[in-house]
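For reference, the structure discussed in these notes is given below.
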Amino acid sequence: GSLVLEYGRRGKESLDYAQTTGEAVTYFLEEQNLLRNKRLFLKKASGVLINFFLITTQFGFCCVYFVFIGISFQQVLEDVYGVSLRKEVAIAIFVPLVIVATWIRNLDELAPLSTIANICIAFSLLVIVYDEMERFLTDREDIKAAVRVPGGVKLATYQTLPLFFGGVAFAFEGIGVVLPLENKMRRPEHAVSVVTVGMTMVVLLYMFFGVLGYLAFGAKIEASITFNLSSDNSVEKIFFSLAKLYYAYAIFAGYLLQFYVPMDFLEVPLYSRLRLHHLEYRFPHRRNWVFSTFQILFRLTVVLITAGIAVSLPDLEDLISLVGAFSCSALAFIIPPCLEMLTVFPQRKSRRWWLPLFVKDIAITVTGIVGFLFGTYSTLVNIVEYFRKNG
């Protein structure tokens, strides 16, 4: 509303998440005539906080994606060739490929990879549905769906709710990608429609495959349903392996997209602190070489860090829940309603429905804070317990 008009008046055509938060804080303080001497500090501090959660979230995604790719490759080798490979080795095999792929500097160049990834996901989803339908219809006791076995499907207990919240927050959180995509769109005015349609489809797909998957596998369901694909039939085994490989490729493309977001706002201040512009000035004939070398080394370091974290953490489920509860809940559940309250509160006299809006925002914020605290604590307890048992 008026905050958008305020951006236009200040000559700001596009804002990222951190800038949006800073402008919302400044707008509220200016309208309420508060903390005049602290406004600039609070604006920068809010931006730093958002960037911290964004970096944690995006690199957390990258760590999860590394684990997913490694386990998928590990299962395919074992199913098809009978080769047993440790998860750490499987992840290490893909590190050089990821390093080279992260040298892509333009988001537009990732579009063909994303298109191919969508086709791969569509094929994999069809294979998953086939496997689940077979389990629902077959009479074989060894592969019969869990819902058809007495006690195979049970309702979750309240102890698992924090982990569930972290998983859901991880699955749905993509706010760090929305604004960069909007800024790169030829027609940014269509961004709201694109996000609305996209998220509606995502919600329906998650509900469908989540419910169907649990009814099919019950408590034996894995962190990714593709890990449950297995068969003694040679033809089915080929299709299941292809589904795992295709999904692994889709996750690889997703890694590059998630990697782009923090790089977009990390590299500029880093190169400024390193005085890279000074080196370019001193070596004008090699300025592209100097810049490219620093960029490649920095991106290589970040990829190695995410791979190292992926190798060191024990379980994919705990990693997903930790990233979801700690970072995603803050970015998706806590901060957005707070920003809306900051921008609507100064206009409460002119807005007829400001009180219901506040009630809604407070409810979402409280839900996010509770999920943040209990989800993070529960996941950390699981991780510590794992390391304690395995020494």
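Cβ coordinates are placed from backbone N, Cα and C, and glycine is handled just like the others.
Taken straight from TrEMBL:
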DOMAIN    9-379  domain 'Amino acid transporter transmembrane'
TRANSMEM  48-73  transmembrane segment
TRANSMEM  85-104  transmembrane segment
TRANSMEM  111-130  transmembrane segment
TRANSMEM  161-179  transmembrane segment
TRANSMEM  191-217  transmembrane segment
TRANSMEM  246-268  transmembrane segment
TRANSMEM  289-313  transmembrane segment
TRANSMEM  319-345  transmembrane segment
TRANSMEM  357-377  transmembrane segment
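Within the same chain, the transmembrane segment (357-377) stays apart from the transmembrane segment (48-73): fewer than three Cβ pairs sit under 8 Å, each pair at least 6 residues apart.
Same-chain residues lying 6+ beyond the ends of the transmembrane segment (246-268) with a Cβ under 8 Å from its Cβ atoms: 16, 18, 51, 54-55, 58-59, 61-62, 65-66, 68-69, 72-73, 94, 97-98, 101-102, 104, 107, 110, 113-114, 116-118, 120-121, 123-124, 176-177, 180, 224, 226, 295, 298-299, 302-303. Counted over residue pairs 6 or more apart, the CB atoms of the transmembrane segment (85-104) and the transmembrane segment (48-73) come under 8 Å in at least three pairs, which marks the two as touching. For the transmembrane segment (289-313), the partner stretch with the most Cβ pairs below 8 Å, chosen from 48-73, 111-130, 319-345, is 48-73.
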